[in-house]
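Here the structure comes first, spelled out in structure tokens, and everything after it is commentary.
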Amino acid sequence: VLSAADKTNVKGVFSKIGGHADDYGAETLERMFIAYPQTKTYFPHFDLQHGSAQIKAHGKKVAAALVEAVNHIDDIAGALSKLSDLHAQKLRVDPVNFKFLGHCFLVVVAIHHPSALTPEVHASLDKFLCAVGAVLTAKYR
């Protein structure tokens, strides 16, 4: 459960990300494909080269979902309900991949905003990303 301080910290980080969210989403995917190559199996039709249009487009979707979750931080489940349905019922993505994606997003934020990622903010952002992952896998059961 995200505390009031967690919510403030997460919103603060996303305010710093601002207009870079789409780029960070693509960078997160690229990092995930390199660090966790098994995740590529869900994207057999993608050009997985650095900077590909497909990675940029999907990175934009990832970023939009995270921004949507931040904008509805008190109802992440409601905000991401359709996305949860899609991943559970149609795409059938292994739930562990959301943890991988969250970890890679944390790394991207740390690279671009090292001073913003204090231990407290890091913990809050990690809790938020875990909450998003939990929502996206909730309908697997």
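Here the Cβ of each residue, glycine as well, is placed from N, Cα and C on the backbone.
Summarising the annotation, Swiss-Prot assigns O2 binding site to His58 and lists sequence analysis as the type of evidence. Around the Cβ of His58 (O2 binding site), the number of neighbouring Cβ atoms within 10 Å comes to 16.
Non-local neighbourhood of His87 (heme b binding site): Val93, Leu136, Thr137, each in the same chain, at least six residues away, with C-beta under 8 Å from its C-beta. Residues or ranges marked as heme b binding site by Swiss-Prot on the basis of sequence analysis: His87.
According to Swiss-Prot, the feature domain 'Globin' maps to 1-141, an assignment based on sequence analysis.
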